[in-house]
Amino acid sequence: MKNILLAGAVSMIGTLVGTRWFIHWLAAKGYGQFIRDDGPTTHKTKKGTPTMGGAVIIVSVLLAYLVAHLVTWTHPSISALLVLWLFSGLGFIGFLDDWTKISKQRSLGLKPKGKLLGQAFVAITFAIGVMYFPDVHGVTPGSPAISFLRDISWLYLPVWLGIVWVILLIAGSSNAVNLTDGLDGLATGASTMVFGAYTVLSIWQFNQWCSRPTTAGNHCYAVRDPHDIAVVAIAIAGACFGFLWWNAKPAQIFLGDTGSLALGGAVAGMAVVSRTELLLVIIGALFVIETVSVMLQVSVFKITGGKRVFKMAPLHHHFELKGWAEVTVVIRFWIICGLAVSAGLGIFYAEWVAGQ
């Protein structure tokens, strides 16, 4: 438990302190956000705000994980390392995208093909990796089975199809958080709650772990490294919480694709290694809602030849154009996220109670 608390504290302090320095450095270099012309007109005032703040989150999380293990003299686990690879790998792709926007002074970053290839490489290596590296009990970080609260036995896929499923989950999750990151503090605050939920969930799995002699066979959880996954989850939650100090309206820095792609990938990674892939739809409901709003808007527009369901997508922009203040939209969306996270954890716990 010590390394869990230590990781959360170090990552939070890291972003609280590090982000301030990073803002000054970016401002001195003149590296700021470019605003798309087709966005809400109220966002024009945000032009020039420093971006790539996700870099501070990534560095703080990696540092926190390292410090937690060095201080407690414990070994890192393959499950945690794979999630951190997914987190930092997608973050690096996002960093290249942000850097291209800044250096070329345009609102569009990497070419779609290059960005997709980079994301695919990171996702594929993670998806393959989680299917290997069994522990002494034969449990691998991930599983070919689609999971809800545990692996679903009748949805056990061939390994190759399981890999495809994980890749699709990563693609959907990373882009969902990216779409949500459109208002000051929205994605950061929501991510804090989601990773906080995965911290609680992983700690519970560790306490009811099949590899513990006292819980084996008693409706336990067949996962590989739940304690270390909790270390990663709280490190990310802590980093997001600290970053929110600078990212809340009026934002002094944005996550950028560096942060949103990294956080989205890590959410998917958490779901895979904790065997809660379909539960992610509930815990991350806000991200799902935002994504569905875009899909619905585009589909209806194409089918009807120009009609729209919303004033603008993603959904948070729709409410902005209806006259809601940005802070109002963010807080109400946070409330939705909090309710969804609570519902997800409630379902997770209720299933365990029902099995006793």
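Our numbering is plain: 1 for the first residue shown, then up by one each step along the chain.
Placement of Cβ uses the backbone N, Cα and C atoms for every residue, glycine included.
What Swiss-Prot says about this protein:
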- 4-24: transmembrane segment (TRANSMEM)
- 53-73: transmembrane segment (TRANSMEM)
- 76-96: transmembrane segment (TRANSMEM)
- 116-136: transmembrane segment (TRANSMEM)
- 152-172: transmembrane segment (TRANSMEM)
- 186-206: transmembrane segment (TRANSMEM)
- 228-248: transmembrane segment (TRANSMEM)
- 253-273: transmembrane segment (TRANSMEM)
- 278-298: transmembrane segment (TRANSMEM)
- 333-353: transmembrane segment (TRANSMEM)
Taking contact to mean three or more C-beta pairs under 8 angstroms, with sequence separation of 6 or more, is the transmembrane segment (278-298) in contact with the transmembrane segment (53-73)?
no
Does the transmembrane segment (152-172) come near the transmembrane segment (253-273), with 3+ Cβ pairs under 8 Å (pairs 6 or more apart)?
yes
Counting a contact as 3 or more Cβ pairs under 8 Å, with residues at least 6 apart in sequence, do the transmembrane segment (76-96) and the transmembrane segment (186-206) touch?
no
Could you check whether the transmembrane segment (53-73) and the transmembrane segment (253-273) come into contact, where contact means at least 3 Cβ pairs under 8 Å with the two residues of each pair 6 or more apart in sequence?
yes
Can you work out which residues elsewhere in the same chain, 6+ from the ends of the transmembrane segment (253-273), have a Cβ less than 8 Å from its Cβ atoms?
19, 22-23, 26, 33, 49-55, 57-58, 79, 82-83, 86-91, 93-95, 97-98, 109, 119, 122-123, 126, 130, 141-142, 147, 166, 169-170, 172-178, 180-181, 187-188, 191, 194-195, 198, 202, 223-225, 229, 232-233, 236, 240, 243, 246-247, 279-280, 284, 287
